[in-house]
Each structure stands twice: as structure tokens, then as C-alpha cells.
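*Asks:* Encoded as C-alpha cells, here's the structure I'll be asking about.
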């Protein structure tokens with residue numbers, strides 16, 4: 001007889017990693033995505049693009065680009081995140097060859113987070129300055145008495161003089177003096193190579209902004225999901241109030257007429273179509289990884305097609321409505337100054353922190369309207385930053401699940417916020433606006449478009465368009481007829497129209513980048529500064545071929561065999577989606593531990 005070998009071998013049971021979070025309700029997800037998409041660009045960029053590109057005619061290419069580029073890419077990113085239940089890096093288990101796309105998304109989100117909170121710091125500074133009467137950037141303020149000429153034009157603050165360190169003088173408003181001298185201190189810097197000392201009031205505002213972001217995201221989507229009930233809805237209330245108030249002002253109709261005036265000949269310009277594509281692309285937050293990360297916390301059977309239509313169309317309608325709030329007040333300022341509306345219109349920080357504050361200072365009860373406006377800017381910025389930081393933390397936590405423990409996750413979030421604050425101090429120096437403009441221009445330029453292009457081509461031709469569409473049908477379960485028709489339309493866009501339009505936008509971006517030198521005001525960036533900005537975009541793009549090469553090296557066989565293996569989903573991709581589906585069906589938490597080598 002043989003000796004008893006003992007009990008059969010029992011496999012070692014690995015301690016499960018902390019589970020992923022899920023949204024407490026569908027409205028938290030919708031509001032978070034809407035707040036992420038509806039950002040500062042809706043207020044300070046879209047109205048300017050609209051009047052510059054033919055007024056109301058700009059809406060034609062705008063909505064065409066929404067249908068052909070915006071909605072398909074938005075749905076693709078939401079579907080990919082929800083089906084895979086993973087962040088922007090881990091989700092590429094569906095096609096390991098394209099893992100670099102997720103890492104590129106992480107780099108873009110990090111660069112944007114670095115400078116985006118500086119805008120929130122500016123809004124903080126102006127918000128605090130609004131609690132005084134008269135406003136410090138108005139001609140009624142004692143400090144501006146020497147700046148404003150006495151006469152009929154004084155009420156409009158026309159003829160203020162801005163002195164800079166070079167000794168030259170130019171006609172500027174008190175609002176410009178306040179922005180350039182007191183807030184930025186840019187008049188004491190000669191350019192990109194001369195950042196100068198830190199503006200400590202701005203540094204404190206930046207610190208307060210990062211502390212607020214840390215506290216709001218301390219418990220992940222469980223805490224930020226509650227905050228968005230206020231931050232995502234408050235801007236709509238302010239926009240509505242500003243529209244009603246603007247309609248009662250003299251000259252407001254001139255501003256609205258200027259905003260919507262139609263110039264049909266502008267449709268023949270490629271610049272108009274490029275502006276429409278870029279505005280749709282950036283305002284929806286495509287390619288940053290934030291949408292993908294937020295969708296990964298959805299239930300498996302959430303209707304992503306419905307959410308795509310609600311969020312994307314809501315975002316575009318917000319941009320259109322914001323134009324009425326902006327141009328009605330700017331029309332009043334132009335009427336007070338007796339100048340054309342075009343001479344007071346601006347975009348970017350020039351609109352939000354110079355032109356519009358000056359217009360608000362002309363209204364009765366100006367501190368109240370200023371507080372409302374800058375509180376709106378603050379909430380718009382915070383919502384967008386929530387999505388960017390969520391994309392970064394989700395990418396890290398999914399790659400290192402052991403960090404999901406509350407203490408480790410808190411330490412990770414604290415380390416990220418601290419690092420971004422210290423790096424952001426460069427942007428609140430006296431020459432910080434030059435660095436801000438550089439990073440803003442190149443971090444979300446051609447690199448982001450290339451990321452979205454490879455995401456679209458990778459899903460369509462590597463993962464498989466039929467398989468991806470079937471994944472969406474599996475999630476929706478009971479797919480109504482309208483969803484089936486929409487999915488057929490999106491399939492055609494993903495395969496042909498969307499990549500072609502992305503290529504068009506990319507080519508035009510390169511042409512514009514090399515034909516028009518980067519400027520901030522009258523300052524033209526040196527060659528080394530432009531080269532540094534291009535390196536930011538190149539760094540993003542390089543992740544795609546580098547990590548594709550790594551994926552090929554990990555496989556065996558001929559190059560063709562390696563390519564085929566690197567484009568096949570890993571086993572853990574299918575098991576993860578099966579686990580999510582089972583959880584939703586039986587509503588009982590359980591854990592499957594499986595490595596890619598199993």
C-alpha cells in the first residue's frame with residue numbers, strides 16, 4: 001500500500017484588493033460629466049469664435065462637427081470606460097498595442113491640471129477683490145483717479161494710461177492696469193526667460209484652490225459626486241441671471257446683434273471649420289481620459305448612448321446661451337464708450353479678467369454682479385479639474401490596485417496636489433502668464449488630436465468595430481430601435497468620417513502653428529520657447545510608438561505574429577467585464593483574482 005499523500009493541494013487564496021467605487025446614482029455621473037465638459041471655454045472662447053467666424057453662421061459648422069466628430073468620440077470614450085470598468089491605461093487590456101494612448105492621456109491631463117488651477121486662483125483673487133465698493137478695477141476706485149482722464153469719457157474709463165518698465169506708455173483701461181500690474185505683475189517681466197519673483201497673493205490663492213480640490217476629492221467620486229450638485233448647476237443660474245440683467249441694459253441688443261450677425265461667405269473659409277472642430281473637441285473633454293475614468297464607475301448596463309446625447313448637446317447649448325450673457329453686457333459697455341462692439345470683445349483671460357469685469361463695473365450694484373460672475377468662473381473651473389484629477393488618480397489606482405486603500409489613496413491624492421501646487425508656482429510669478437500661455441497652447445494642441453485619432457483607429461481596426469458595437473449592445477441590454485439606428489450611424493463615423501475630420505484638424509493645426517508665431521499681446525515667443533512647447537506635444541505623441549514597441553517585444557514569433565497577439569484582448573479584459581455584469585445581475589459583491597498570464 002502507498003502512504004497517504006495528505007490532503008489535496010489547495011490553491012493559495014490571495015487577499016483581494018479593495019474594490020472599485022461606483023456612482024451613488026446616475027445623476028451624479030451625468031452632473032459630473034456635464035460639469036467636466038462645461039468649462040471656461042464655453043464662456044470665454046465660444047462666443048468669441050462665434051462672432052469672429054460669421055456670427056450665427058458659425059453654428060452650422062459647429063453642429064456639423066458635433067454630429068460627425070464630437071458625439072462619436074464622446075460615445076467611444078464613455079463606452080470604452082464603462083465596458084472595461086478601468087481607467088485610461090488599464091482599459092487598453094482590450095488592445096495592449098495601444099497602451100501608450102492611455103499613458104499619453106495621463107500626460108495631457110497632468111499638463112492641463114498644472115495650469116488649469118491657476119485660472120481658478122485668478123478667479124479666487126478677483127472674487128475676494130469683489131467684496132469692496134467701488135471695485136478696484138473701476139475708475140471710481142481712489143487708486144485709479146490718476147489713471148482716468150476727467151471728462152465725458154471718464155465713466156467708461158477710457159483713456160487710462162498703463163506704464164510699463166520699458167518706459168513706454170499705451171492707452172489702457174483701469175481694468176487692464178489692475179490685471180497686468182496688480183494681479184499678474186507682468187509689466188515687471190521682460191518675457192519667458194525672466195519669470196521674476198512669485199506673486200504671493202496669487203500663490204496663496206493657488207494654495208487655497210488645491211486644498212479645496214483635495215478636500216472635495218478626498219473620498220473619490222463619493223465626495224465629488226455630491227459637490228457637483230452645486231458646482232454643475234450654479235453656473236446655469238448665473239448665466240440665466242446675467243442674460244435677464246443684460247436684456248435690460250442700453251445697447252445690449254447691439255451686442256447680441258453683433259454676436260449673431262450672419263456672414264455666409266465665412267463658410268468658405270477652412271479656418272471656420274477648423275475652429276468649429278477644435279472647439280467641439282476641446283469643450284467636450286475628448287482625449288484627456290477624464291470621461292473614460294468617470295464612465296468606468298458606472299453600472300455595466302447604463303445606457304451610454306442616452307448619456308452621450310444628453311451631456312454633449314447640453315454642453316453645446318450652454319456655450320450658445322453663454323454668448324447672450326457675455327455680449328449683452330459687452331454691448332452695453334460699447335454703448336457707454338461710444339465705440340463698436342468689436343473693439344471691446346476679446347477671448348480667453350482677456351475676456352474673463354479684463355473686458356467683462358470692466359463691463360460689470362459700469363453696472364449699478366457692480367460688486368454683486370462681480371461676485372456672481374467670478375463665483376461662476378470658479379465653479380466652472382473646479383468641475384473641469386475634478387475630471388482631470390479623477391482621470392489621473394483612476395489611471396494610477398487601476399495600475400496599482402493596492403493603493404485603493406483609503407489611507408494610501410489619500411496620501412496619493414495629497415502628493416499629487418502638492419506636486420501640482422509646487423510646479424504651478426512658476427505660473428504665478430511675474431512672468432508666469434508667458435509660461436501659462438505656452439503650456440495652454442501646446443499641451444492640448446496637436447498631441448491631443450493625435451491621441452484621439454489613434455484611439456479611434458485603434459478601436460475601429462485593431463479591437464474591431466463589430467466587436468465594439470456588440471459590446472455597447474451588451475451593455476444596453478434592451479436596445480430600443482432608436483439606439484440601434486444611432487449605433488449604425490456612429491459605426492460609419494468611427495470607421496471613416498471622424499478619422500478624416502481629425503486628420504483635417506491636425507493638418508490645419510500644424511499649418512497654423514508654423515505660419516502664425518505664438519504671441520502674448522505684443523510679446524513674440526523666442527524660438528527656444530516655441531521648441532519647448534512643441535516638445536510637450538511630441539512627448540505626448542511618443543508614448544504611442546514607444547509602448548507599442550514594448551508590447552511587441554513582450555510577444556514571441558515573427559513580427560506579424562507579435563502584432564496579431566498584441567492586438568488581442570487579454571484574458572483579464574474579458575473576465576473583468578464578466579465580473580461587472582455578474583455584480584449588476586445578482587447584486588452580490590465578489591472578487592475574481594486573475595493575472596494576465598493565467
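Including glycine, each Cβ sits where the backbone N, Cα and C put it.
No curator has checked TrEMBL annotations; they are predicted automatically.
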*Asks:* Pick from 164-184, 227-247, 332-352: which range has transmembrane segment per TrEMBL?
*Replies:* 227-247
*Asks:* Of the residue ranges 410-436, 572-598, which one carries the transmembrane segment annotation in TrEMBL?
*Replies:* 410-436
*Asks:* Cβ-Cβ under 8 Å from residue 383 (Na(+) binding site), same chain, 6 or more residues apart: which ones?
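*Replies:* Same-chain residues close to residue 383 (Na(+) binding site) (Cβ under 8 Å, separated by 6 or more) are 32, 35, 36, 38, 39, 228, 231, 232.
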*Asks:* Among the recorded stretches 198-218, 280-297, 368-389, which has the greatest number of Cβ pairs closer than 8 Å to the transmembrane segment (442-465)?
*Replies:* 280-297
*Asks:* Going through 59-80, 227-247, 368-389, 410-436, 486-511 one by one, which has the most CB pairs that fall under 8 Å from the transmembrane segment (280-297)?
*Replies:* 59-80
*Asks:* So, does the transmembrane segment (59-80) come close enough to the transmembrane segment (198-218) to give 3+ Cβ pairs below 8 Å, pairs being at least 6 apart in sequence?
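*Replies:* Between the transmembrane segment (59-80) and the transmembrane segment (198-218), which are separate recorded stretches, there is no contact, as judged by 3 or more close Cβ pairs.
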*Asks:* Near the transmembrane segment (309-330), which residues from the same chain, at least 6 beyond its ends, have a CB less than 8 A from one of its CBs?
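*Replies:* Sequence-remote neighbours of the transmembrane segment (309-330) are 30, 33-34, 37-38, 42-43, 46-47, 50-51, 59, 62-63, 66, 70-71, 74, 235-236, 239, 242-243, 245-247, 249, 252, 255-256, 258-259, 279-280, 283-284, 341, 344-345, 351, 355-356, 359-360, 363.
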*Asks:* Out of 38, 139, 380, which of the recorded positions is least crowded by other Cβ atoms within 10 Å?
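*Replies:* Sparsest of the recorded positions 38, 139, 380 by Cβ contacts within 10 Å: 139.
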*Asks:* Within 10 Å of the Cβ of residue 315 (Na(+) binding site), how many other Cβ atoms can you find? Include all protein chains, please.
*Replies:* 24
